Amino acid sequence: MTTEIWLVTEGEHTKATVYGPVGMPDFPEFVWKQDDERVHIDGWNELYQLLCTKNPVGLTPAYVDERLVEVLKHWLLTEAEGEDSELRMWIDQIVDTDPDEVMAARWICRARHVMVVTGAGMSTESNLPDFRSKDGWWRNIDPVTVATVEALEKQYELFHAFYQARLEALYEAEPHQGHNILAKWEEVGVVSGIATQNVDGLHTAAGSEQVHELHGSIHSIRCYSCGQEAELHAFHEGRGCDSCDGKLRPGVVLFGEMLPQKAWDEALKQIEQADVVLVIGTSLEVYPANQLPWMTRGRTVYMNMELNADASAFDAVITGKAKEVLTKLDKKLELYCANN
Ligand SMILES: [Zn+2]
């Protein structure tokens, strides 16, 4: 009984064929034929090496035996060189997944600095309501009336109740697998930092260290009048500032306030240096954080449940929940980029 494994690529002037009617499926022998050149290949490793040397990306894949898929996936994710459009064509023909997902994994594999920008969608799987999606609880409360300096000054009771409820919701929340993956990627040197619009502290809780909180942190309490820091429990008890009896507030950026300069500057610096920017779970509606993805010279990847008009401006778009998408990417990296 013979085994046939085929990779046939067809281009305008050249044709590469791998075929091998001999050997066992797990240790096949192939012949690589390109133009008039014939090369005998002994095993998957040699085939992989040949793919790297010959780099047939410019050719059109016509037929690929499914037993070649694994070695081709590995090659496409790591070594293959070519225009994005050519690589996408190969992925489309060969790998039974979303080309954008494979391209994103490929860029992360090869990147020196990956920067991450996260929004509310990053936290929804930690049982936190997302403010802008259909089920977000801000649908019932207009944020412009509560998360504002005006509410803090003139409707302190409502302001206080709103942030107390948000803090209480946080006690139930824990980082999910997606947060953990980003923390792990930082630990192994893939991710250089995270700029987040979230004030919940979940990235830090998961172990990420380079976290730039663009909208501040809900956990730090200070006096609105004199700026002195206060304990969280003082805020919960509805007390005033110890020094001046001023109103206590969480350290979040309210509508109408400036972003913390240091967090912004550091995020921007890392984004400018990044080879890849991953934008996760944000509808990109809030200025100026929504400008960050466009301040890189690197590739941009958008991951969100719902796509908006800006999505087409990204180099790759992956639809899905943060946890699911990051888990899928992480699995690809572990399988194919272990030595990276
Ligand atoms: Zn004070």
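Just so you know, glycine gets a Cβ as well, placed from its N, Cα and C.
Listed in TrEMBL for this protein:
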DOMAIN    92-340  domain 'Deacetylase sirtuin-type'
ACT_SITE  HIS215  active site, proton acceptor
BINDING   CYS223, CYS226, CYS241, CYS244  Zn(2+) binding site
Distance [Cα-Cα, Å, rounded] between CYS241 (Zn(2+) binding site) and the residue listed as 'active site, proton acceptor': 23
Segment-level pLDDT (mean, integer) for the domain 'Deacetylase sirtuin-type' (92-340): 90
Non-site residues, in chain order, whose CB comes within 8 A of the mean position of the CB atoms of CYS223, CYS226, CYS241, CYS244 at Zn(2+): TYR224, SER225, GLY227, GLN228, GLY240, ASP242, SER243, ASP245, GLY246
Inter-residue C-alpha distance, CYS223 (Zn(2+) binding site) and the residue listed as 'active site, proton acceptor' (nearest angstrom): 17
Rounded Cα-Cα span from the residue listed as 'active site, proton acceptor' to CYS244 (Zn(2+) binding site), Å: 26
Coarse DSSP state, helix versus strand versus coil, of the residue listed as 'active site, proton acceptor': coil
CYS223 (Zn(2+) binding site) in three-state DSSP notation: strand
Whole-number Å value for how far the residue listed as 'active site, proton acceptor' lies from CYS226 (Zn(2+) binding site) (Cα to Cα): 20
All-chain count of other Cβ atoms within 10 Å of CYS241 (Zn(2+) binding site): 21
Count of other CB atoms lying within 10 Å of the CB belonging to CYS226 (Zn(2+) binding site): 12
